[in-house]
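Asker: Got a structure here, written out as structure tokens. Questions coming.
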Amino acid sequence: MQSKEAVVDDGEITSSLNVANSEFDEWNNFGDDDIMQQQYTIQADEAKKVPFVGDKETLSSLAAEYKSGSPILLEKIKVLEEQYAAIRRTRGDGNCFFRSFMFSYLEHIMECQDQAEIDRIQPNIEKSRKALQTLGYADLTFEDFFALFLEQLECVIQGKETSISHEELVIRSRDQSISDYVVMFFRFVTSGEIQMRAEFFEPFILGLTNTTVEQFCKSSVEPMGEESDHVHITALSDALGIPIRVVYLDRSSCDTGGVSVNHHDFMPVAGDLPNASCSSERNIPFITLLYRPGHYDILYPK
Amino acid sequence: MQASRARLFKEYKEVQREKAVDPDIQLVCDESNIFKWTALVKGPSETPYEGGVFQLAFSVPEQYPLQPPQVRFLTKIFHPNVHFKTGEICLDILKNAWSPAWTLQSVCRAIIALMAHPEPDSPLNCDSGNLLRSGDVRGYQSMARMYTRLAAMSKKG
């Protein structure tokens with residue numbers, strides 16, 4: 001059993017070893033497919049522990065995580081508690097940015113019954129569809145994902161036959177057959193935007209991976225489970241015209257004494273911005289994500 | 001399950017429509033099971049596989065297209081990235097670089113590209129990989145050509 005785990009840990013490296021090294025005879029029958037299967041099993045076990053999207057929790061649950069940790073982090077969480085009421089965790093499966101974005105966005109539309117936002121975003125979605133077609137993607141590869149997201153947008157508006165409750169929204173975002181499809185929709189939109197504006201994104205991508213723009217999209221945007229960076233966030237925010245606030249919780253501190261928590265607002269380049277929260281204030285993001293190195297969760301402002 | 005079926009059905013229709021476009025690939029769905037496919041691909045020209053026709057077996061998971069199809073060579077092939085005994089293929093898009101942007105048809109195209117451009121640094125067939133890594137291109141080509149003749153060409157020719 002232990003040898004199996006070792007194989008999974010080292011991924012591809014050991015898969016070539018299993019042929020090279022006749023000493024490990026039983027590995028000869030243990031191919032990449034078995035490794036993939038085992039990986040899926042591990043993911044399924046993980047899934048039982050943390051749902052794709054968790055329940056709302058108070059920020060004190062966040063503080064509890066760092067009880068014996070860095071005092072800077074605890075100080076920062078105190079600052080966060082002044083501004084934010086709650087946190088909603090997402091599973092750390094490499095899709096957490098897209099998943100947080102999905103839930104936060106749909107929940108916003110549901111709570112504000114923001115039909116205007118749906119009307120605003122639809123042309124942008126069609127633009128993304130055209131972009132993918134222009135880039136040579138076959139419709140059949142992405143259309144199911146687009147259709148499923150548009151369906152979710154319709155469902156969160158009340159008073160229709162298809163309307164769903166908030167409880168149902170949570171259930172759906174935990175249902176792989178819906179949740180992963182929406183994540184994949186965002187991955188397609190992000191990839192299309194990056195490639196359509198390749199010249200703009202190229203220097204950022206070179207800074208990250210030293211590959212071509214197309215290669216970056218193929219290997220780091222489109223595959224499920226690939227983590228998101230500022231390039232992904234910028235592209236998604238621009239493509240859909242949705243501002244996103246990211247609050248950074250890390251160990252950095254400033255010399256001036258008092259602890260402060262940094263945030264960065266990703267503001268789309270396009271002109272027509274959605275309304276912030278349920279008020280008429282524009283240009284303030286209604287999506288707020290908490291970033292801790294390697295992971296995104298959802299934050300709820302007070 | 002429903003989603004994967006619907007997607008595969010679309011691919012099936014696309015394959016029927018595009019038959020003429022890709023004469024090097026003949027992709028066929030099992031008559032009774034849409035999750036099982038086979039393909040005949042032509043060995044690319046100016047490679048030791050030229051003139052050969054190679055059979056691939058596809059097994060599509062229920063999570064498709066979120067998860068990749070399992071593909072292996074049924075025809076014996078001497079190639080650094082194909083397991084000599086099992087026909088298993090070492091190709092990133094069939095593993096961690098998979099995305100729903102790929103189709104069974106484009107996977108076939110990627111496999112043909114892999115036949116033309118072996119990657120000896122991640123070998124599944126070490127003998128083949130070592131020949132290329134040590135610079136013995138001629139040795140690799142003659143072995144690959146021999147197996148193409150033995151396994152991938154019709155006996156009549």
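Glycine is no exception: its Cβ is also placed from the backbone N, Cα and C atoms.
The active site annotation in TrEMBL covers A:Asp93, A:His295. As annotated by TrEMBL, active site, nucleophile applies to A:Cys96. The feature domain 'OTU' is assigned by TrEMBL to A:85-302. The feature site 'Interacts with free ubiquitin' is assigned by TrEMBL to A:Tyr248, A:Asp250, A:Tyr291, A:Tyr296.
Locate each feature and note its surroundings.
Answerer: Residue environment of A:Asp93 (active site) contains 17 other Cβ atoms, counted within 10 Å of its Cβ in all protein chains.
Non-local contacts of A:Cys96 (active site, nucleophile) by the CB criterion (under 8 A, 6+ apart in sequence, same chain) comprise A:Thr90, A:Ser228, A:His295, A:Tyr296, A:Asp297. Under the three-state DSSP scheme, A:Cys96 (active site, nucleophile) falls in the helix class.
Secondary structure at A:Tyr248 (site 'Interacts with free ubiquitin'), as computed by DSSP, is strand.
The Cβ neighbour count for A:Asp250 (site 'Interacts with free ubiquitin'), using a 10 Å radius over every protein chain in view, is 14.
In this structure, A:Tyr291 (site 'Interacts with free ubiquitin') is part of a beta strand by DSSP. The 10 Å shell around the Cβ of A:Tyr291 (site 'Interacts with free ubiquitin') contains 21 further Cβ atoms across the protein chains shown.
Every protein chain considered, the tally of other Cβ atoms within 10 Å of the Cβ of A:Tyr296 (site 'Interacts with free ubiquitin') stands at 23.
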Asker: Hey, how far is A:Asp93 (active site) from A:Tyr248 (site 'Interacts with free ubiquitin'), Cα to Cα, in Å?
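Answerer: Answer for this pair: 19 Å between alpha carbons.
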Asker: Near the Cβ of A:His295 (active site), how many other Cβ atoms are there if near means within 10 Å?
Answerer: 18
Asker: Using C-alpha atoms only, work out the spacing between A:Asp250 (site 'Interacts with free ubiquitin') and A:Tyr291 (site 'Interacts with free ubiquitin') and round it to an integer in Å.
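Answerer: Given the Cα positions, A:Asp250 (site 'Interacts with free ubiquitin') is 8 Å from A:Tyr291 (site 'Interacts with free ubiquitin').
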Asker: Within the domain 'OTU' (A:85-302), what mean pLDDT does the predicted structure show?
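Answerer: On average, pLDDT over the domain 'OTU' (A:85-302) sits at 92.
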